[in-house]
Amino acid sequence: MREENQNQGDLKLKQESIGIGKDAASTGAVSRGKNEKLAALSSSDNTSALQAVILERKLKYQEKPENPESKTKVQPARMGGDKALSFRRRFTNTAIGASMWLCGLLVLAILVSIGYELISRGIGIISPYFLSVSMKGVYGGMQAGGIYHAMVGTLLITLVAAVISVPLGLLVAIYLTEYAGNTKFAKLTTTLVDVMTGIPSIVAGLFAAALFTIVIGPAYRSGLMGAVALSVLMIPLVVRSSAEMLRLVPNDLREASYALGVPKWRTVVSIVLRTSAAGLVTSVVVAIARIVGETAPLLITAGMFDAINSNVFSGRMETLPVYIYQQYTSTVSCAAHAVNCNPTINVDRAWGAALVLVFAVLVLNLGARFVAKKLSIGK
């Protein structure tokens, strides 16, 4: 009787363990009470029953059907659409690249044609004589005269304009970047500088003429008037370009200087200006090269003069752009039996002066690059 009761108890335990395996296979989680029964079963000597339960659980998990929705359906690739998209991308890339090449070649062709015209038309008249004499006493189609007086006028007027513009422009740029911050006055100043950058050059000439007419008189003409007119054009250029160079200086350098107890003005002079020296020099030289070729404001202020005048405070003074305009617009007529008369000499002089002016601008730009490189290496 005892053996039968024990066998019946073992059979009940087997059935309960099989039920636990079914529930675990269907739900994937085992309850706490059934785990206690398995622990009691494993503690007994009936190891064969426990092995049967474990084997049945393994079979249930292996035979569990997979959820068809969990599988990611792989869509077949549409080869035709992909090929069309790839072709469009390659075609667009090629078309844009070709258009950029064409634009670059067009600009290069324009520059080459300008250089060719300048050299071919102006090199014939360039000589030591042409560079060392003025137009004083030259009239008609005489094969004489030169551009020395215009070179002197260009140099003096540009130098005075730079002396006026560079300090003012740098100080305004330093104020906007180091002291003004985002105040309303700083925004107003920046707006006015932008407006001044785009004003016509003839307006600058009218402003200088009106200013000197009020101060001195209506008959006054001098190189100083021309320098003031050019300064009106040059100051906004210096301000904008210098401010951008100053903003490129890392703030860490300023903060390190302030942390050492260095005052703000000393930080600006010793750290900010020295760090941005290369960019500032380039900005100033580019602004000078920009105003060297101005003609309209100088026609109103400095005027035309065929002799050498080295006094910027008194008397008319001619520059190379004004000389080019004067020679190209003048007319020359030669008599039928005139000797030493060239009807196109004025045009030749204009091309020669243009070649000298372009060469001067080129030298200024190359000099700016050289100085900027030296200052960068010196750091």
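Glycine is no exception: its Cβ is also placed from the backbone N, Cα and C atoms.
Bear in mind that TrEMBL entries carry predicted annotations, made automatically and left uncurated.
Taken from TrEMBL, the feature region 'Disordered' applies to 23-44.
Residues annotated as transmembrane segment in TrEMBL: 95-116 (among others).
Summarising the annotation, TrEMBL assigns domain 'ABC transmembrane type-1' to 151-368.
What TrEMBL lists as transmembrane segment is 151-175 (among others).
Sequence annotations record features per position, and here TrEMBL assigns transmembrane segment to 195-216 (among others).
Annotation comment: TrEMBL describes 223-243 (among others) as transmembrane segment.
TrEMBL lists 350-372 (among others) with the feature transmembrane segment.
Among 95-116, 151-175, 223-243, 151-175 has the largest number of CB pairs under 8 A with the transmembrane segment (350-372).
Through the fold, the transmembrane segment (95-116) approaches none of its own chain's residues that are at least 6 residues removed from its boundaries at a Cβ separation under 8 Å.
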